[in-house]
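First the structure, in the form of structure tokens, and then the observations on it.
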Amino acid sequence: MKANIVTLPGDGIGPEIVTSAVNILKEIAKIYNHDFSFEEHLIGGAAIDATGNPLPKQTLLACQKADAVLLGAVGGPKWAHLSNVRPEQGLLALRKALNLFANIRPIHTYDALLSLSSLKEEKIKGVDFIFVRELTGGAYFGKKTRTEKTATDETLYTVEEIERVSRKAFELAHTRRKHLTSVDKANVLETSRLWRETISQVAQDYPDVKLEHQLVDSMAMMLLINPAHYDVIVTENLFGDILTDECAALSGSLGLLPSASLGKESIGLYEPIHGSAPDIAGKNIANPIGTILSVSLLLQYSLGLVNEAIQIEKAVNLLTQHGPLTADLGGNAYTTEITKAVINNLHR
Ligand SMILES: NC(=O)C1=CN([C@@H]2O[C@H](COP(=O)(O)OP(=O)(O)OC[C@H]3O[C@@H](n4cnc5c(N)ncnc54)[C@H](O)[C@@H]3O)[C@@H](O)[C@H]2O)C=CC1
Ligand SMILES: CC(C)CC(=O)C(=O)O
Ligand SMILES: [Mg+2]
């Protein structure tokens, strides 16, 4: 298969982990005889430094023409003082421009890494659920105001925005254990009341899926005390951002978790769920697994290459069993050593 993949390394550890994941894609292309081409573009702080704009026009045009986009991360202390233009705006603008309203974040535990979690092994063994986080609405995109003494971030959701992401979640649940948990704060927030009403309506089209509602505050606790209960979880942008980072406590490290941002078209944006990790950037010690697994999602969702996607998952699973591991997982391996080990495992 021929595919044009745009890479956006971004800032901090972004370039290191994207290089790793691209090497995995190149190996997959060799093994399965695919013709993948790669085109690198600027985003985030690196783009501000070069052009003054966190999402240059050239970057957006290239993404719009690509079969899929692979991103590292954006942001860092170097740009923290800027108030008018921030690296994170580049990523938000890209998600909005490509209309990627559903952010799929699979969470599962690895048997070989259970002891890394501070939670009891019997509670987290076999945990396997998927977050569907709404990605182009809510507080991140609402009107903002600022005076010296006040600040506001408007949270706005429309029925259409809630419906389309709910349908993605129901469809996913339909292919899995047919259990969907919708997370909101309907006891307080008007947007959450609309969310609950709308998803309950949509549920009528998916009678085989059991829908349950959970308030976000108690959900934050439930995810840690009974994670095995969940199958597919759908929630709004801000809640989903926070709750999925919490799930790193189940898997063992934030560095393990991938994501796929999807819309109605086949173009998808693939990125690890973590940020640019400025504290470890440039040291060749970042865990590239979240990005490597994002490439597995890219192969599955944007290119329909399911066997290749599974091959990467198996290679990662072998890595968790036999090592080497990066420091976040208790090892001392370099990022580049992980890349080599995953490439070796692709042939096993
Ligand atoms: N999608 C994106 O581009 C995102 C960007 N950010 C940006 O990243 C910057 C740093 O934010 P933080 O709150 O520190 O979050 P972060 O996710 O970058 O880092 C949190 C902690 O996890 C560790 N970590 C993260 N990824 C890792 C990996 N692959 N391997 C090993 N350790 C890893 C870091 O070293 C740090 O100790 C900020 O500028 C923030 O705005 C934050 C989240 C998402
Ligand atoms: C724009 C990003 C910095 C928001 C975020 O943390 C995320 O999408 O995970
Ligand atoms: Mg986040």
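Including glycine, each Cβ sits where the backbone N, Cα and C put it.
Annotation comment: TrEMBL describes 4-342 as domain 'Isopropylmalate dehydrogenase-like'.
The DSSP secondary structure for R133 (substrate binding site) is strand. Applying an 8 A CB threshold to same-chain residues 6+ apart, the list for R133 (substrate binding site) reads A102, N103, R105, V234, T235, E236, N237, F239, G240, D241, T244. The substrate binding site annotation in TrEMBL covers R95, R105, R133, D217.
Counting every protein chain shown, the number of other Cβ atoms lying within 10 Å of the Cβ of Y140 (site 'Important for catalysis') is 20. Taken from TrEMBL, the feature site 'Important for catalysis' applies to Y140 (among others).
Note: K185 (site 'Important for catalysis') has non-local neighbours S192, L215, V216, D217, F239, i.e. same-chain residues 6+ apart with C-beta under 8 A of its own C-beta. Sequence annotations record features per position, and here TrEMBL assigns site 'Important for catalysis' to K185 (among others).
Residue density at D217 (substrate binding site): 13 other Cβ atoms are found within 10 A of its Cβ, drawing on all protein chains shown. Under the heading Mg(2+) binding site, TrEMBL lists D217, D241, D245.
Proximity of A277 (NAD(+) binding site) to non-local residues of its own chain (separation of 6 or more, Cβ distance below 8 Å) is seen for G12, I13, A73, A286, given in sequence order. Per TrEMBL, the feature NAD(+) binding site maps to G275, S276, A277, P278, D279, I280, A281, G282, K283, N284, I285, A286, N287.
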Review point. Looking at the recorded positions R95, R133, K185, D241, A277, I285, which have a C-beta within less than 6 Å of some atom in ligand 2?
Key: D241
Revision key, fill the gap. Recorded positions R95, Y140, D245 vs A281 (NAD(+) binding site), shortest C-alpha separation belongs to D245
Check your understanding: So of all those binding-site residues, D245, G275, N287, which one's Cα sits nearest to R95 (substrate binding site)?
Key -> G275
Review point. What average pLDDT is reported by the model for the domain 'Isopropylmalate dehydrogenase-like' (4-342)?
Key: 98
Practice item. With H, G and I counted as helix, E and B as strand and the rest as coil, say where DSSP puts G275 (NAD(+) binding site). Key: coil
Point to revise | Cα-Cα distance linking D245 (Mg(2+) binding site) and N287 (NAD(+) binding site), given in Å to the nearest integer | key: 15
